[in-house]
Amino acid sequence: FFHEMNWKLKVACITLDRLGRRRAMVLSLSIVLMTLIVLGVYAYLAPPQPTISQINNGSDTNWSWIPLASLMIYMFGVNLGVTCVPWILSSEYFPTSIRSQATSVCACSASLLGFAVLQMYGIMVESLGQPGLYWTYAVIAAVGIAFTLGLMKETSGKTIG
């Protein structure tokens, strides 16, 4: 587990230094957006599970690799920016005098929002269905791209504090 996190952190640091925070965040959210759209389309169009006789006869068209590939690409995209840029920015945006308190508020808010998202999952699946849930998250990623392009300041290479 820690080896995997160390590898992801190294890739993220190299990416953030070369691309900058804004570009990395836009790239990350774009990958997330595309994979969520693909997952939503797959969930919407997915054929029913093949029967044993269809599998044995070779008559089933197997598209079951699409969700796994999408999820792998999604995780790659998330780790490029969505999971690390907010934490880096929370330490770069705030002045040194309030940095620890402000970062604590950010961490607490992120934990509460994560908890709320997990609690809403069942309700959202029941009301939107699996495809609708993926597409809702894709819309949120699109809003994140617009927010990043419109309001996020680039801090790479600038003095902080």
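Residue numbers in this text run from 1 along the chain shown.
In case you wondered, yes, glycine gets a Cβ from its N, Cα and C as well.
As recorded in TrEMBL:
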DOMAIN    1-156  domain 'Major facilitator superfamily (MFS) profile'
TRANSMEM  24-45  transmembrane segment
TRANSMEM  65-90  transmembrane segment
TRANSMEM  102-122  transmembrane segment
TRANSMEM  134-152  transmembrane segment
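In this chain, the transmembrane segment (65-90) lies in contact with the transmembrane segment (102-122); the count of Cβ pairs under 8 Å, excluding pairs fewer than 6 apart in sequence, is at least 3. On the 0 to 100 pLDDT scale, the domain 'Major facilitator superfamily (MFS) profile' (1-156) averages 86 in the predicted structure.
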